[in-house]
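Accompanying notes for the structure given below.
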């Protein structure tokens with residue numbers, strides 16, 4: 001039991017970058033745009049956040065730099081796919097490749113430099129509650145932001161008029177356009193939101209998770225975030241469930257190895273992915289639910305008729 | 001007059017040519033699997049390249065190609081380097097082996113050197129370092145330093161290099177505390193700071209107080225620092241990341257070998273060989289022993305000296321994990337066995353992934 005409680009904060013730290021990037025991408029995809037550049041935006045966020053923290057001495061300034069850089073980088077994707085109507089899949093992939101290369105170049109001089117850790121911010125009053133306090137209310141700022149973001153995105157998508165507009169643009173951009181909605185404008189904003197979230201996820205990696213900069217430090221987390229969006233059938237709360245499930249199985253398998261249960265380590269390493277596939281299969285048995293939530297215009301180019 | 005001038009220019013020309021031949025720098029080329037500043041393995045080679053450049057000055061020119069993936073890409077890069085006038089090419093990753101064998105055959109006039117491989121040819125030599133000698137010292141320090149009698153060991157892939165490290169570490173630890181235990185966690189990657197940090201946290205949560213890593217990022221050490229526990233650096237001195245947690249580090253030091261080989265090439269004494277050197281040849285060096293008692297430090301230094309004087313960590317009696325005898329008393333392991341090592345010694349509480 002004690003071990004389980006000790007594992008929980010570790011799981012939360014591991015799940016937070018996945019959750020952040022996935023929630024951002026969820027909004028992008030709900031607007032009908034498929035941005036496969038999450039990994040690239042994330043690593044740009046990581047390197048910029050690291051650089052910002054080094055330059056100012058403050059991890060919070062670094063975090064803001066990471067968010068802004070992620071959003072700015074996503075604008076490149078937005079310009080190519082929304083204004084120039086380039087293929088979204090190809091553009092997203094090249095955004096990832098560009099991000100990985102560019103971040104390596106920017107971060108060249110930071111390799112081998114210890115980073116600035118963003119410390120924990122215990123919430124006064126709540127953090128003193130036994131057991132629950134240290135686990136839930138003694139985290140860093142980015143963790144709290146990630147939870148608030150899920151709630152905010154859920155409320156925005158399903159409880160506000162703008163959220164409804166965004167979803168209808170994702171489902172049928174021609175009708176939305178005919179109704180006078182600014183399809184391109186909304187999509188630009190969604191793409192930038194996704195970029196900002198990916199940037200924040202990157203900042204979490206280089207300021208909280210492992211305070212350092214090394215090339216390719218995202219190590220595929222952007223791709224897992226993309227998979228989580230599908231896993232969650234484009235529902236924010238399920239992204240939270242998915243990210244924590246993935247985090248829990250990843251951390252759990254390390255603990256299982258250290259315990260020496262004698263289960264082959266390759267099998268344990270594949271557990272997070274296996275668990276995701278199993279849940280995905282279970283979810284997709286409900287065809288109606290999946291169809292209802294999949295944005296019908298996902299990845300389709302939009303050229304307004306004049 | 002005209003004749004004289006002609007003769008003069010001709011002789012001047014000849015002198016210049018002769019001088020040029022003397023001074024023609026050797027072009028030494030390097031191929032890295034990672035980036036030149038990955039903070040670990042490839043950076044170790046790049047530091048050695050700079051060391052070579054500094055040591056030999058005008059006599060050598062160097063260039064490198066980084067982030068070369070193992071396979072057809074490596075073949076292409078090696079061919080291109082050989083064609084562009086490299087005199088000697090150092091292929092620094094195990095996975096370049098088949099490419100380097102193929103290209104060495106195509107370019108008999110170029111010399112090739114392959115790190116950690118085992119295939120040689122007339123113009124292809126191999127070189128490696130006995131990193132396990134350092135791990136024996138780590139084992140002794142860990143056993144002396146640990147209060148719980150248990151160390152955590154974060155590992156990448158079950159290849160002989162890694163298994164040698166675990167066995168040697170365990171033998172070192174057992175020479176201090178026969179009941180010493182290790183908990184092994186395979187992360188199945190050489191480099192993923194997040195995963196390495198998670199593995200370190202899992203191990204600390206389960207009560208180990210020292211961690212050893214055979215993965216490349218300083219993330220596990222950072223976790224040790226944060227939790228007030230201890231660990232060892234990998235491939236380079238990582239004390240900057242964990243000034244209060246790093247006990248020592250095994251530091252790759254390929255530089256002197258590169259100097260020696262390029263000099264041999266210039267003297268015309270270069271021969272194909274399989275070099276496997278250790279602490280005494282300074283191809284690996286130990287970072288300063290820190291954060292430990294004077295007593296432990298003395299023991300570590302004595303062990304290091306003992307190995308330099310010829311002691312082999314794999315000296316019997318050694319029992320395999322399954323209880324059968326591997327080495328009798330006084331017997332040492334053969335290099336062939338070590339190069340293909342695929343079993344644990346007694347006391348390792350883990351099943352080796354096959």
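Residue numbers in this text run from 1 along the chain shown.
Just so you know, glycine gets a Cβ as well, placed from its N, Cα and C.
Just so you know, TrEMBL annotations are computer predictions that nobody has curated.
What TrEMBL records for A:31-53 (among others) is transmembrane segment.
Tertiary neighbourhood of the transmembrane segment (A:60-86): same-chain residues 33, 35, 37, 40-42, 44-46, 48-54, 92, 95, 99, 116, 118, 141-142, 184, 187-188, 191-200, 202-203, 206-207, 301-303, selected by CB-CB distance under 8 Å and a gap of 6+ residues from either end. For A:60-86 (among others), the entry in TrEMBL reads transmembrane segment.
Among the features that TrEMBL reports, transmembrane segment is placed at A:92-111 (among others).
Residues or ranges marked as transmembrane segment by TrEMBL: A:141-158 (among others). Within its own chain, the transmembrane segment (A:141-158) has Cβ neighbours under 8 Å at 12-13, 16, 19-20, 23, 26-27, 30, 60, 63, 118, 121, 123, 166-167, 197, 200, 203-204, 207-208, 235-237, 239-240, counting only residues six or more beyond its boundaries.
Per TrEMBL, the feature transmembrane segment maps to A:222-246 (among others).
According to TrEMBL, the transmembrane segment annotation covers A:258-283 (among others).
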### Message
What residues elsewhere in the chain lie close to the transmembrane segment (A:222-246), defined as a C-beta under 8 angstroms and at least 6 residues from its ends?
### Response
11-12, 15-23, 25-26, 29-30, 36-43, 96, 147, 150, 153-154, 157, 198, 201, 272, 275-276, 279-280, 283, 289-290, 293-295
